[in-house]
């Protein structure tokens, strides 16, 4: 003990000397006692028994002071032998059958303890040295971690040196536990998230009342009761640990016991949580953790976080932890060592740190953070909104104005005709809507003329037209067509026709030239050419519009067989080809009008001529081009997560930009269907590649067809199944068409890139990262080449060779506007990282300037600080520091856990790059797109960094 007091760090950190069951502890002689060993005294002096613990750093800790009679009674009750003036052994279970001994010293009087403390300390030190020699004789063999094999016996000084080294490390670890470290610790090892712990006890009580039987909760229902349903194995181990600490082995608990357990796992004390975690690993409760116990907790953590591969390598990683924490080779680790690894894990994580920069204050845009008046805020928000959406706004305004003009023109035209006297405003409204329908049925084809749009993207038209919103504009026009059909067909069927057949003979007479001398019946009007074509168009459009909705297209609607064929992409694709019937019926309908007989006033064909011809031309071009673009499959691989990778030869003349996509057809699956996929190879590669994830019926069948031709990988190659040109089985034929433009292809016009991909949504950005890396390498090579071509200028060479100078200056230098790129890939499955493992390793190795910063996020793993992922986080940091590889992704890129804090991500980028133009590109589910778009607008309003958001949905 230091100054007679134990350290404040907690009594759980004391070191005990271990011996075998047969080791006899040495006794302390107290010959200096004034009364010898006499148990009685004339003055009625009471004898006490004092227990001291010997520390590794040569200090003694006072453990207990109790009456000698009580100690003797306790020993008699337990059957333990009375050790006069000797060491009393602490019993501990465990596989090693070793016992822990703490020398205890009996003195004759408690009030004389201080007088003899120095003597006791000296004698205890002597016993400690002698005890160490005894241990050396009996346990002189070092522990083997890899295979459990025994090594030759070590010299007596070996264990002394090992124990001394560990004691020194422990003392340094205690000194390193600073306030900042303790503050980090408070955020770690949470068994229940902070959000749950605050108000969750009421919910836990409700769960107990629901699950309990006869007032007791069974062990099997414990996980569900405390909200750990997804990590049941971990919850059961926690239950067993807390029961073991209470020296109970029960299969059920009551509400009071549940309350006690809840208080322990939600305790704000880091030391308390650390002790629980340690006890979970220390199955035999001997205060030590062996390699086998480390392996078990790794497997348990891997199971809780759905990391199947980690379970397979648990033995290897357990050895890694033991190598790091047990350099002395004692074969076990203790609580303080686990604590050290937890608190110092950040020192290992010096790789892929998110947006590391010297000082945020130096780059923070202070001007953007000043307080603004409400009027200034509104004006700033409005200006940014207009800047982001002016292309969309002017196109929509022009389109609406044209529709309003056509509607008004046709409305007024029929307002001044005689038919208005019979049918009233019904006919004017129907004809006005018909005119807008002609316009919309024509221009709805333009947004899907992909070749034309791809070509226009590279012209000045891209400065004024929002080509990225072509599909959204297509959907908007479709909505306007629905409104037009309701107004046109509804007014005819419900209003015009009834008023016509109910009109008087005098009013009908002037209309005889249009409808016949005899007044038609309602059935006659409907079964005419105009009525039949109108009904055909309405029916086809209802089918196409319904199956194009998100619920049917993504199979969110579950229908019984055989109606389930009406859902999915195939139903959407085939139903959309009903447009051929619709346009044929529309042309006939526009030529057979009741109220117009002059040919040049039948304007339907005039509206449709150019758009229909353009669209037909595109389809013909695609047909012939796909035949010319014959590709040869070079490699096929099937990865975890139902992802199929196809690598094929690049046809001559096939030029594309990173971020673009192409259409793919597999005749073995369907001779008619073409599906779009992002190109994942870079423009500089001599091959094309795509990654296809099984999301629908067509992709499912495509994977099945290629899987039949694949074989298990050999030679350490990645993938579950693989095939290449040497495969014996013939690979299916593949046709391609493209490339086609996308928002991501314009990445090079931004100073900084933020690329966000969800799952398979990372595919368009892999090509961008590879292209960016290739450009960086080429730029560096050109700089090196130009430096070599410039001759040295100095006193000895006063002039430069003119030919060399012209060679250098005539060659245009490569200019790379993009200074930084941040790639965030969020996925739910560990196997997903196999898809682009090679690309990520290549970027991490070749990007010497740190232009590209990559961050992988695995949402199946609990967030950092959660006890269920604590060991994974420690192991991840340790393995990367030792081997340079992330244990989760298998790459050099660090994998973060849970979901990114997008507000913090954008905040750091804005701070690091003030006054920069940042392109935010997103590909994935629509839910996150809304959040990112909102955050971009938010930061545009409070900083000078300009974020431009672009999205793609798969």
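Note: Cβ is positioned from N, Cα and C throughout, glycine not excepted.
Residues or ranges marked as compositional bias 'Low complexity' in TrEMBL: 1-12, 93-107. According to TrEMBL, the feature region 'Disordered' maps to 1-47, 82-111. Marked as compositional bias 'Polar residues' by TrEMBL: 17-28. Annotation source TrEMBL lists domain 'EF-hand' at 269-304. Residues or ranges marked as transmembrane segment by TrEMBL: 393-412, 532-552, 572-596, 752-769. The domain 'FAD-binding FR-type' feature in TrEMBL is assigned to 626-746.
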Handout entry: Local confidence of the domain 'FAD-binding FR-type' (626-746) - pLDDT mean
Key = 83
Handout entry: Beyond the flanks of the transmembrane segment (572-596) by 6 or more, those residues with Cβ under 8 Å of it
Key = 417, 419, 438, 441, 514-515, 528-530, 533-534, 536-537, 540-541, 543-544, 547-548, 552-553, 602-605, 608, 612, 673
Exercise for the section: On the DSSP side of things, how many residues of the domain 'FAD-binding FR-type' (626-746) fall into helix, strand and coil, could you say? Expected result: 18 helix, 43 strand, 60 coil
Practice task
Over the span of the domain 'EF-hand' (269-304), count residues by DSSP class, listing helix, strand and coil in order.
Solution key: 26 helix, 1 strand, 9 coil
